[in-house]
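Participant: So TrEMBL lists these for the protein:
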COMPBIAS  1-16  compositional bias 'Low complexity'
REGION    1-32  region 'Disordered'
TRANSMEM  37-57  transmembrane segment
TRANSMEM  99-116  transmembrane segment
TRANSMEM  128-149  transmembrane segment
TRANSMEM  155-179  transmembrane segment
TRANSMEM  191-212  transmembrane segment
TRANSMEM  224-253  transmembrane segment
TRANSMEM  280-301  transmembrane segment
TRANSMEM  321-341  transmembrane segment
TRANSMEM  348-368  transmembrane segment
Amino acid sequence: MATAASARPGAAGAGPSAPPAPPRADRQPGQRRSRRLTAVLLLLVLAVAGAAASLALGSRALPLSTVTQVLSQGPGAAGAAGADGEVAVIVWQLRVPRTALGLLAGAALGVAGALMQGHTRNPLADPGLLGVTQGAGLAVVLAAVLLGADGVLPPVATVTAALVGAAAGALVVLGIAGAGGGSGRGLRDPLTLVLAGAAVTALLGALVQAVILGDATALQAFRFWAVGSLVSSAPVVAIAAPVVALGLVLALLGARSLDLLALGDDVARGAGVRLGPARLLGVLAVVALVGAATAACGPVAFVGLVVPHVARALVGPVHRWLLPVSALVGAVLVLFADVLGRLVAVPAEIPVGVVLAVVGGPAFVVLVRRRKLAAL
């Protein structure tokens, strides 16, 4: 009996025992935070690498040392004569705006997709669900055909038209879904919203194509833009940037409300969330993000649909992490897709929207099969 007693940990006569390991639950918060920070750092590295590749690669590849030298000289180097001036034009006037737009558009569409999936609690939702993508596209095309010179609008008019069209598309979808003014009631029934969004998006998309195909000038001006392209002027990118920044701020302001809305309307209301204003804030953020991105690069598919799932796999469903990580994943995805489109058909190039559709479709099928699109 003494032998049995002494064999038990902590029994009289037993040697000093090792301190007990901390409970697993105590280690989980630190592990989650470490994993999230690691994911953010990895995505930042990939974003820098994608930006460097975007600046250096294309129909004319440039050494990174040359790109760094040209960037250090400032935009004024583009006015120099000779080969140095030509390289500076390539970097400053073509690739810097394109790279900046890739970062902006990817971040905007990724966050907009996370917002849509969070507000509707629908894992298949994307920015097009509210009609904002095609609404912005139709407004830009119509404004260019009716008001532009040779199918070209001034940058401010382009972004303004896209924002107006995005807002109009959202209002139409919410109205059909039974939103009634700005109260956001249509978002309470995800199925109704999906059906209304699909119908309005199909109609607006058909109208965009009809306008472009019916006008030779518009066809010439928008044939790449209509399928999603990062070829854009620096003034348009400069005007779209603050609008995207505003949309990101609005999205982050609603992060806590989104976490509570994921638990259900009754729980969110009991926690003090005002459902109408919270959803209206989300709609405004989506309109700003998607409107500005569409104005600059046209309608780009799959980013808003796929990116939130990747971000959720990396950092979980908490929106104060999910939204920033969605921005990073979207930026990385769009940048590398654009670089791939430049390289596969040199000296020609494939628009980023086509690359994302070709790559994003099979990738999303794999995601569906592996993760089964677990409920949000």
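In case you wondered, yes, glycine gets a Cβ from its N, Cα and C as well.
Note: TrEMBL annotation is automatic and uncurated.
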Participant: For the transmembrane segment (321-341), find every same-chain residue at least 6 residues outside the stretch whose CB is under 8 Å from a CB in it, and list them.
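Facilitator: Contacts of the transmembrane segment (321-341) (Cβ under 8 Å, skipping residues fewer than 6 from its ends): 36, 39-40, 43-44, 46-47, 50-51, 53-54, 57, 98-99, 102-111, 113-115, 118, 230, 248, 251-252, 255, 300, 303-304, 306-308, 310-312, 314-315, 349-352, 354-356, 359.
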Participant: Using Cβ distances below 8 Å and needing 3 or more such pairs, separated by at least 6 in sequence, tell me whether the transmembrane segment (155-179) contacts the transmembrane segment (348-368).
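Facilitator: The transmembrane segment (348-368) and the transmembrane segment (155-179): touching, no.
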Participant: With contact taken as 3 or more Cβ pairs under 8 angstroms (pairs 6 or more apart in sequence), are the transmembrane segment (128-149) and the transmembrane segment (348-368) in contact?
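Facilitator: Taking Cβ pairs at least 6 residues apart, the transmembrane segment (348-368) and the transmembrane segment (128-149) are not in contact, as fewer than 3 fall under 8 Å.
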Participant: Which range out of 99-116, 191-212, 224-253, 348-368 gives the transmembrane segment (280-301) the most CB pairs under 8 Å?
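Facilitator: Going through each listed stretch, the top one turns out to be 224-253.
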Participant: Relative to the transmembrane segment (224-253), which of 99-116, 191-212, 348-368 accounts for the most Cβ pairs at distances under 8 Å?
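Facilitator: It is 99-116 that shares the most Cβ pairs under 8 Å with the transmembrane segment (224-253).
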